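Copied over from Swiss-Prot:
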- Ser25: pyruvic acid (Ser) (MOD_RES)
- Ser25: active site, schiff-base intermediate with substrate (ACT_SITE)
- Thr57, Gly73, Ala74, Ala75: substrate binding site (BINDING)
- Tyr58: active site, proton donor (ACT_SITE)
Amino acid sequence: MFIEVLKSKIHRATVTEANLNYVGSITIDEELMKAAGIYENEKVQVVNINNGERFETYVIKGEKGSGTICLNGAAARLVQVGDKIIIMAYCLLTMEEYYNHKPRIVFVDDENKIVRLSDKEEHSECIC
């Protein structure tokens, strides 16, 4: 049996661009991708904190250190520049793997610079 769990998360990233006339996807700063363990072309779920939208897309690698978080194609209609979003990737684990699994959580500031890395979240933890 397999269980789908959170693999990694970039928490409260700021949308820097929304490009409607692109094929599709989300462009993420390569530095953030590496810190979170998110790979190019990997499927991710995006949650918009500002408006509650939730959607899936795939990742394109952005310029390292740029802070770029750009929603492309149809997803560009679901965000505004400046919105705060959560980007999550999931993985399938066996029950044996599950008990040793720790997600990679990347907390960023308003410029999408890494401020903290973690492998857990506490209930009611507020990162504002």
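Just so you know, the numbers here start at 1 and follow the chain as drawn.
Cβ atoms here come from the backbone N, Cα and C positions, even for glycine.
All protein chains included, Ala74 (substrate binding site) registers 13 other Cβ atoms within 10 Å of its own Cβ. Each residue contributes its Cα atom, and for Ser25 (pyruvic acid (Ser)) and the residue listed as 'active site, proton donor' those atoms are 5 Å apart. On a Cα basis, Ala74 (substrate binding site) lies 12 Å away from Tyr58 (active site, proton donor).
Listed in sequence order, the residues of the same chain lying 6 or more apart from Gly73 (substrate binding site) and placing their CB within less than 8 Å of its CB are Asn19, Leu20, Tyr22, Val23, Gly24, Ser25, Thr57. Each of the recorded positions Ser25, Thr57, Tyr58, Ala75 was scored by the other Cβ atoms within 10 Å of its Cβ; the lowest score goes to Tyr58. Shown in sequence order, Gly24, Ser25, Ile26, Phe55, Leu71, Asn72, Ala76, Arg77, Leu78 are the same-chain residues outside Thr57, Gly73, Ala74, Ala75 whose Cβ sits within 8 Å of the Cβ centre of the substrate site. In three-state terms derived from DSSP, Ser25 (pyruvic acid (Ser)) belongs to an extended strand segment. With Thr57, Gly73, Ala74, Ala75 listed as the residues that bind substrate, the site has a largest C-alpha separation of 10 Å.
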